[in-house]
Amino acid sequence: MAGSTSSLVICAIGIYATFLTWALVQEPLATRTWPNSMGKFQFPNVISLIQASVAMMMGYLYLNWKKVEYPPRKMIKDHWKQLMLISFTQSSSGPLATTSLKHVDYLTYMLAKSCKMIPVLLVHLLLYRTPIASQKKVVALLVSLGVTIFTIGGNDGKKLKRSFNESGNDNKLQGFGLLFSSLFLDGLTNATQDKLLKANKAKEKGKQTLITGAHLMFTLNLFVILWNILYFIVIDCKQWDNAVSVLTMDPQVWGYLMLYSFCGAMGQCFIFYTLEQFGSLVLIMITVTRKMVSMILSIIVFGKSVRFQQWVGMFIVFGGITWEALNKKKANIPKAKSA
């Protein structure tokens, strides 16, 4: 790791710059009513398709830059089942989360997306039967408590407390259901991805079959494209037509869409590079801070009103996740000394 400080700084700045911009572009892209079409660009699968296309091209450049010895075509042939599952859960999670914005506010969406630890733990517990430490359970409870406080403490939370029979509450519950489904798929994605990487490292005896972050970035985005095309053909062809109509009537949406996709693709490069060079602990520290700054920027730039209870909820969530990261660091210190 000697002499890697500058690389770490570049990675952190890259993740901050790309994903803070990504988050700021995402909100107007998903919630703004465009003047000519008089509609919102709420076409999650179209957004997913465009973003995956840009990310796949970026992943291809990333592969060439790394000069990997394991051809992506052979990697797909060897691991197509895992890639299909991961890409399916990944491609389904994003549209569900985006659709939830029709029913919940953006800050609730952002905070919920910061709680990926809980579904990951649940998937490991229920699907892979992985023992979960008590500390992880406490952190999961803290995160859940923080989300509850944040939601109830907001203006929308007042409506929930008045009556569960109001018409708006059905939409609110539907939004939470979409967010819950998205988080579960995120957990399934991450857990299956971890299983694939660990199994590959255990069997790998040379660089000829080593799976890198660049491999996953390219192949997973390729499969995401295929899944979305299949969705348009079989389930919802009108979504594509409606999206094209909005883009034709309001061409300025293209600017937001391409900037959103480009920032997401660049962010994936920095994330995978950080994961390979510095490990998951450093990546967790950077991404947790990034999510917190994203919400604060959303408050400042878009004038969101946040009550005291919501701030308490935020600090509980990020405090719990940070505590988890610090505990991982302490657990890794003895391993580093014995190495």
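Using the three backbone atoms N, Cα and C, a Cβ is placed for every residue, glycine included.
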### Task
Name the residue among ASN165, ASN190 that Swiss-Prot annotates as N-linked glycosylation site.
ASN165
### Query
Under Swiss-Prot's topological domain names, is GLN42 on the same membrane side as LYS330?
yes
### Query
Does the transmembrane segment (107-127) reach the transmembrane segment (246-266), going by 3 or more CB pairs under 8 Å (6 or more apart in sequence)?
no
### Message
At a threshold of under 8 Å on Cβ distances, which of 43-63, 246-266, 308-327 pairs most often with the transmembrane segment (215-235)?
### Response
43-63
### Task
Using Cβ atoms only, state whether the transmembrane segment (43-63) and the transmembrane segment (246-266) have three or more pairs under 8 Å that are 6 or more apart in sequence.
yes
### Message
Mean pLDDT for the topological domain 'Lumenal' (236-245), rounded to an integer?
### Response
87
## Note on the structure
For the topological domain 'Cytoplasmic' (26-42), the DSSP residue counts stand at 6 helix, 2 strand, 9 coil
## Note on the structure
Lying 6 or more residues past either end of the topological domain 'Lumenal' (236-245) yet within Cβ distance under 8 Å of it, the residues of that chain are 37, 41, 43, 45-46
### Summary
DSSP composition of the topological domain 'Lumenal' (64-106), residue counts helix/strand/coil, works out to 33 helix, 0 strand, 10 coil
